[in-house]
Ligand SMILES: Cc1ncc(COP(=O)(O)O)c(C=O)c1O
């Protein structure tokens, strides 16, 4: 049976698929079943940090698969401890709790925050403030955290205890704070919401309020983290110290992994039995993550920053692009009223370029290893496409 037919027949359709059957990839190039190649500016929605089939990553993952693929959390093993150590040493966080996806990491962060508040202030302090237009995942609780009504249709009732306040509005935030507030949870750049960075002063006010009132600051770095924005985590560029950071996507480089990084205040909050997941800290995923973190040294991150600036400069010079937002290699292009982002994405696909949308923006999350030459190639195709539109 043809791959598309099989997909149509057997896969539950929670996604629209573009008309390409991808069969293999190398570095920043994906190939389809007919041998057509695509320059990839999506990295599997911010996952393939080292591109497709990175040799060192693939070797580490296969060696681990051939020795100890899974043990469960009942026994010690090397890779999860190594990854946790690397994350803690590089960030100053004290402990890491592993999960299998961004949503699951956020669930863990929410539970951690509530447990801390329960222990210190009693069960009335449970409320979590998040932002309008945020995206935190698709489970019932992370959807409750997500400040977008469109995702809330059909799935009531949600986990109670979430409040959404408008972005960059300090007065609204202060008004929302109460004796029930346990945590404030933010993305520093709203990725799915349209690649919209929060104002630095606003983020610093949030951090200050949290510190003053012992409210926990949770930063969701599922999309912005692991070098995507040119620093290991984007919060470094906002000069704040969150209490909790969640991470996923790029850490896995193609394998499912998530993590909750917690500071000193939280490190002893959970006890055995309070939380868990069978696959969390899986040795294969962690063997791969270890390679990702090793690769993302200071020089690598500086290159991401430089290439991100270069990408931005190229994008602003293209027709129909009014502005470019984001940091590092997480970029959103604001289009004028003559073109629709989804039409641009479809036309680019025809010409061998994979890009994303985020709401009405064009979004680019290329593999972090992309070269300036490849950025030029992508921009040539995008210019051709945009020139024929509107
Ligand atoms: C900021 C943010 N949080 C959470 C998630 C959910 O991650 P996952 O799809 O791995 O559950 C995403 C996914 O796009 C995200 O961008």
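Along the chain as shown, the residues are counted starting at 1.
Glycine is no exception: its Cβ is also placed from the backbone N, Cα and C atoms.
Predicted automatically and left uncurated, TrEMBL annotations should be read as such.
TrEMBL lists 102, 103, 135, 220, 221, 222, 223, 278 with the feature pyridoxal 5'-phosphate binding site. In sequence order, 102, 106, 109, 134, 136, 185, 186, 187, 246 constitute the residues six or more apart from residue 220 (pyridoxal 5'-phosphate binding site) in its chain with CB-CB distances below 8 Å.
Taken from TrEMBL, the feature N(2)-acetyl-L-ornithine binding site covers 138, 277. Under the DSSP three-state reduction, residue 138 (N(2)-acetyl-L-ornithine binding site) is assigned to coil, being neither helix nor strand. The Cβ neighbour count for residue 138 (N(2)-acetyl-L-ornithine binding site), using a 10 Å radius and every protein chain shown, is 14.
Following the DSSP three-state reduction, the secondary structure of residue 249 (N6-(pyridoxal phosphate)lysine) is helix. In sequence order, 45, 46, 47, 102, 222, 223, 225, 226, 228 are the residues near residue 249 (N6-(pyridoxal phosphate)lysine), counting only same-chain partners six or more apart with C-beta under 8 A. Summarising the annotation, TrEMBL assigns N6-(pyridoxal phosphate)lysine to 249.
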Residue from 103, 135, 221 whose C-alpha is spatially nearest that of residue 277 (N(2)-acetyl-L-ornithine binding site), among the binding-site residues: 103
Assigned conformation of residue 220 (pyridoxal 5'-phosphate binding site) - DSSP reduced to three states: strand
Shortest C-alpha distance to residue 138 (N(2)-acetyl-L-ornithine binding site) - which of the binding-site residues 103, 221, 278: 103
Those binding-site residues listed as 103, 222, and which of them has the most Cβ atoms within 10 Å of its own Cβ: 222
